[in-house]
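Structure record follows, encoded as structure tokens.
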């Protein structure tokens, strides 16, 4: 927690103060810190003493995920089992109960759209009634349902899964990738989240890590991680902007780098703006044009829509390097007149016109971030692009117009975040030194006060009059309900309710003059801790804000068990597959040799071996297949030894 580490931070930042005034600048404000000064601190002095083994850095993305580890002083991005450096954040469940993750899941999405989940990061930590969730329900082929706790979950084959569970399945794939490379178990991880994620979304991401079997040491902001990847080996002091337009979210962060000190000056963004929206906009355009030309409405055909969705994503990517592309989908659907084919040419200019409003939505957050950081575009020495959508030329031009300089391409937009997470893991393990990370909270924190007003704890006076005071008739005591919210709206009801707690034991005569001191801390994961203390009586109560409407401890434990069950099933499947491959190789070699020497082998032995071979091809378990293959191999060796002695020896 920051409160527990301020002394250590002061020592570190004090040393940095000689390097420049802004590296250690804290604005005067309540409790000595302003909203912008709630810091997340990390350096060797703050490294955990208990960390043993490698710490993997994971970018759990909306569209794709990536994992990296530190090798000495350099971060290395790891390839998955399919040989790719990024893994689609897609999870599917087949009709026979098999779970697929990554590219195997994405490949079968056309034939199984209702049970293939993608972009579920947009649902993580969200309530079913959220406007963004209601919008998503209309755009995806799979079912989004209301869970018993009011959260948005997904459904496949009658079973419900939380977005944290789906994220956990992807994290398990990342964990497996790391373990295959390291050669041993990977337990500790740093996971990234969008900078504009609220407390519930951060908690839900940590839940996903726990379900996957990872010990999540830290949750850090994606733009901050990208800045670490960019600036670790840079000696020049400068202010940079990180423009992060990924698959599902948009973040903009302004940072100052001074001799190893990475200070986030401000952050802003939109947690429901990304490549998925670009795909959806193009999909709507294609469906509209197809209906105009053929009279057929594709919106009721999930399989056809999935084909169009994949074609839209492919066309979007191609138009980043080409000025025109063709979209060809034969036999897309059919009506009474026969099959219908989709053939369409799409130019870059047409696509830019379709998504221009989405690109413009990134401008206001950038302007607000510069305003909050108290910098102008002339102060910014470098603009870093992160996220696959920043490959789009129109996005790059918008960034150049906005900041007055061509954006840098010094980092890989798909890998920078995972690299930064691995660097942060190295910091926590004590392997990376001379790095100090100072981050900010993305949204204001406060409480509900009289009239339902949202009172910002970081900018207002620390003494508040609570909205509700309850009296108990039995003993004349009172209890005070305190609601903690997060957001930027003026009324508490319009912001996110993080949690509530009660301060009890306040004498009745003091109610009218009751004033509470409400200090709060934000730990290194951006998770909120609040306490309330009555100035008159000294009564105090504390709360660690848990995900409002999120997963309970029992929920998480059950999901961990389910994840372990899937892991065991995956292990058995891997053993069976290996055994089948081995057996098929032995069968092929044996049959080839027996065919070659059948005239020189006893007929009854040839028939016996053939019968055994055919029978054992149908063995179901890996162990049975292995034993059958071994028996066949031994019998064949004896037979060919006999042949060698008789005809060769």
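If you go along the chain as it appears here, the first residue is 1 and each next one adds 1.
The backbone N, Cα and C atoms fix where each Cβ goes, glycine too.
What Swiss-Prot lists as ADP binding site is 63, 64, 313, 316, 320, 388, 391, and the listing cites similarity to another entry. Sequence-distant contacts (6 or more apart, same chain, Cβ under 8 Å) of residue 320 (ADP binding site) comprise 391, 392, 393. According to DSSP, residue 320 (ADP binding site) is assigned to coil rather than to any helix or strand.
Note on residue 76 (N6-acetyllysine): other Cβ atoms within 10 Å of its Cβ, all shown chains, come to 14. Annotation source Swiss-Prot lists N6-acetyllysine at 76 (among others), citing similarity to another entry.
Residues or ranges marked as N6-succinyllysine by Swiss-Prot on the basis of similarity to another entry: 138 (among others). In this chain, none of the residues that are 6 or more apart from residue 138 (N6-succinyllysine) has a CB less than 8 Å from its CB.
In the structure as shown, the Cβ atom of residue 143 (N6-acetyllysine) sits within 10 Å of 15 other Cβ atoms. Look at Swiss-Prot and you will find 143 (among others) tagged as N6-acetyllysine.
As annotated by Swiss-Prot, N6-succinyllysine applies to 206 (among others). Around residue 206 (N6-succinyllysine), taking its Cβ as the centre, 21 other Cβ atoms fall within 10 Å, counting all chains.
Reduced to three states, the DSSP call for residue 206 (N6-succinyllysine) is helix. Annotated N6-malonyllysine per Swiss-Prot: 206, in sequence order, evidence recorded as similarity to another entry.
In three-state terms derived from DSSP, residue 234 (N6-acetyllysine) belongs to neither a helical nor a strand segment and is classed as coil. Swiss-Prot lists 234 (among others) with the feature N6-acetyllysine, giving similarity to another entry as the kind of evidence.
Here residue 300 (N6-acetyllysine) comes close to no residue that lies at least six apart in sequence on the same chain with a C-beta under 8 angstroms from its C-beta. The feature N6-acetyllysine is assigned by Swiss-Prot to 300 (among others).
The N6-succinyllysine annotation in Swiss-Prot covers 300 (among others) and is backed by similarity to another entry.
Taken from Swiss-Prot, the feature N6-succinyllysine covers 394 (among others), and the record attributes it to similarity to another entry. Every protein chain shown contributes to the tally, and the Cβ of residue 394 (N6-succinyllysine) ends up with 17 other Cβ atoms within 10 Å.
Annotation comment: Swiss-Prot describes 408 as phosphoserine. Listed in sequence order, 230, 382, 383, 384, 385 are the same-chain residues six or more apart from residue 408 (phosphoserine) with CB atoms under 8 A from its CB.
Per Swiss-Prot, N6-acetyllysine is recorded for 598 (among others).
Taking a C-beta cut-off of under 8 Å and a sequence gap of six or more, residue 638 (N6-acetyllysine) has no contacts in its own chain. Positions annotated as N6-acetyllysine by Swiss-Prot, on the basis of similarity to another entry: 638 (among others).
Annotation comment: Swiss-Prot describes 1-432 as region 'Interaction with NFS1'.
Marked as region 'Nucleotide-binding domain (NBD)' by Swiss-Prot: 63-431.
The region 'Interdomain linker' annotation in Swiss-Prot covers 432-441.
Same-chain neighbours of the ADP site beyond 63, 64, 313, 316, 320, 388, 391, judged by a C-beta within 8 angstroms of the site's C-beta center, are, in sequence order, 247, 275, 317, 389.
Just so you know, the Cβ of residue 388 (ADP binding site) picks up 21 other Cβ atoms within 10 Å once every protein chain is counted. For residue 234 (N6-acetyllysine), the nearest of the binding-site residues by C-alpha distance turns out to be 388; the candidates were 64, 316, 388. Counting every protein chain shown, the number of other Cβ atoms lying within 10 Å of the Cβ of residue 234 (N6-acetyllysine) is 14. Other Cβ atoms within 10 Å of the Cβ of residue 316 (ADP binding site), summed over all protein chains shown, number 23. The shortest Cα-Cα distance between residue 313 (ADP binding site) and any of the modified residues 143, 206, 394 is the one to 394.
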